[in-house]
Amino acid sequence: SHKSSKREWKPLEEHSCTDVPWLLLFILFCIGMGFICGYTIATGAAARLLLGYDSYGNICGQKNVKVEGIVNSGLDLTHKKYVFFLDPCNIDLVHQKIKSLALCVSACPRKELKTLADIQKFAETNGSTLCSYELQPSEYTTDPRAAKLCPKYPVPESAPIPFFHRCAPVNISCYAKFAEALITFVSDSSVLHRLISGVMTSKEIIMGLCLLSLVLSMILMIIIRYISRVLVWILTILVVLGSLGGTGVLWWLYAKQRLSASALETQIAKDNLQALLIYAIAATVFTVILFLIMLIMRKRVALTIALFHVAGKVFIHLPLLVFQPFWTFFVLVLFWTYWITVLLFLGTTGSPVPNEEGFVEFRMAGPLKYMWWYHVVGLIWISEFILACQQMTVAGAVVTYYFTREKRNLPFTPILASVNRLVCYHLGTVAKGSFIITLVKIPRMILMYIHTQLKGKENACARCMLKACICCLWCLEKCLTYLNQNAYTATAINSTNFCTSAKDAFVILVENALRVAAINTVGDFMLFLGKVLIVCSTGLAGIMLLNYQQDYTIWVLPLIIVCLFAFLVAHCFLSIYEMVVDVLFLCFAIDTKYNDGSPGREFYMDKVLM
């Protein structure tokens, strides 16, 4: 009777659209993001960024409009296509800009110019005037204003940066101060130079090792189903030996101290003895509890092993799942590139305002100042949306696999079918789920920003409070992510909207709390071992290969790069594996709850799970 009152789970029977208002909201938000991009391009920020502009607000390489109250503005600079900084090494680190007069010139000085006469000669031969617009080349050596309006000499040899039309010194030593501020630990530039040359000489090896880590991850995905049982046994034996060994050693130490204690009748010796006794008793209690937990969890660990086994089968039936992280990563990179481009545009948007030195700065006026915030929220929400789409796609494909009785009748590519379902019916649900995560992420980021700003200014109590808040928000975010993933699975099964799905999934998870705990602890540990395995084997191969060229390169940095890449790759692949296991578990829980194997209510599950 409790079944009729509660909504039945009807796997894959009918599809209906879910959370349409949220989809509309998300589309409106994206239109807003597009508007920001359009606005920055329309107001000339894009041209300013790409073509460059001088200190008087003129864009290089085109005719300009006069700005009120600024001398030298509104010039026709059609032939002067490059931006030249009079003092390129004067970098203001606080505001991250070059504190120097910038001019448009027709050519960058391709060789070093040591005196004003050289600058004058360069202007006469190449027709490129490097001093400010009001000086004629003939006046360079005679006019007293030349000291202020001409470049600081010697003028370093410079070349235009591709696509950005700015003259940059060829020898980067001038930016050493800048680099030092960024990388304080490299005091000696030769160390940095050696490290970089080390990476450059062994780039083929680095590429090869990165490929190796990819291949290893793919192999591990296939093997893990066969070795999952072995991994669990290794884990169990390690835990048992560790706890028994620790307890044994403590009791042995206590007995030894006790026997020799008659000789040492000092207070300290007695205290030590008592401490050892307390430790030994605590360790014994802990070991007993651990054994009890292992006895209780025996069945559930067996379930974890079975789920890993079935997950391996899922990857054999749906091989395209392995490529899921690539697509997600590709889309994310595209979106981030777009986001950063617009961010750079935003940096040069606004109306020209004279600053205290009499040069032009671009400042946003009025409500447009807050476009930044909108843009940042967009970064988080849309990134979360893309990740949530991946979760929904995986959930849809695995659900189709699980609830198809005859695996021969699976659609040709369940993943494409799942993407199709997502786009047609469930985009709103994904938008809502990702919005909830965004709501938790933004306050956490604001608090972290405050925390970094207050370094060294605040008292210990405030810092502790901030850390606690950040920690709580982080935990909340993790829990919500886990719940969201199960809600997407419920949506994929039932076509219900986000809130209903989350509630249903939550009920099922609470009913199977112990199983969830076992799967998350044991399963995560197995996946962690997998990651360690991949990183270690790639690192080992790296050491053996790089060892051949140890005479002429530093191979610490290449090795670190390779290991980081290997870890990232392993993490991407195994996170998909984790997703599949979670989805399978929810399907399994629903299956056991509503079916009992009797005729008409047969189980959907694999033989291993039974």
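Any Cβ shown, glycine's included, is placed from N, Cα and C.
Fair warning: this is a prediction, and the values are worked out from it, not measured in the lab.
Per TrEMBL, these features apply:
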- 20-42: transmembrane segment (TRANSMEM)
- 205-224: transmembrane segment (TRANSMEM)
- 230-255: transmembrane segment (TRANSMEM)
- 276-296: transmembrane segment (TRANSMEM)
- 302-322: transmembrane segment (TRANSMEM)
- 329-350: transmembrane segment (TRANSMEM)
- 370-403: transmembrane segment (TRANSMEM)
- 525-546: transmembrane segment (TRANSMEM)
- 552-574: transmembrane segment (TRANSMEM)
Problem - Range from 205-224, 329-350, 370-403, 525-546, 552-574 with the greatest count of C-beta pairs under 8 A to the transmembrane segment (230-255) - result: 525-546
Problem - Chain residues in Cβ proximity to the transmembrane segment (329-350) (below 8 Å; excluding those fewer than six residues from its ends, i.e. six or more beyond) - result: 33, 36-37, 39-41, 43, 45-46, 48-49, 53, 362-365, 368, 371-372, 375, 378-379, 382-383, 386-387, 572
Exercise for the section: Go through 20-42, 276-296, 302-322, 370-403, 552-574 and flag the stretch with the largest number of C-beta pairs under 8 Å relative to the transmembrane segment (205-224). Expected result: 552-574
Completion exercise
Sequence-distant residues near the transmembrane segment (302-322) by C-beta distance (under 8 Å, 6 or more away from its ends) are 218, 221-222, 224-226, 228-229, 232, 394, 397-398, 401, 407, 410, 413-415, 515, 518-519, 522-523, 526, 573, 576-577, 580-581, 584-585, 588, 606, 608-609
Practice task
State the residues, same chain only, that lie 6 or more residues beyond the ends of the transmembrane segment (552-574) and have a CB under 8 A from a CB inside it; answer 'none' if no residue qualifies.
Solution key: 194-195, 197-199, 201-202, 205-206, 209-210, 213-214, 216-218, 220-221, 322, 325, 329, 527, 530-531, 534-535, 538-539, 542-543, 546
Completion exercise
Same-chain residues at least 6 beyond the ends of the transmembrane segment (20-42) with a Cβ under 8 Å from one of its Cβ atoms are 338, 342, 345-346, 349, 368, 371, 374-375, 378, 381-382, 385, 427-429, 431-432, 435, 498
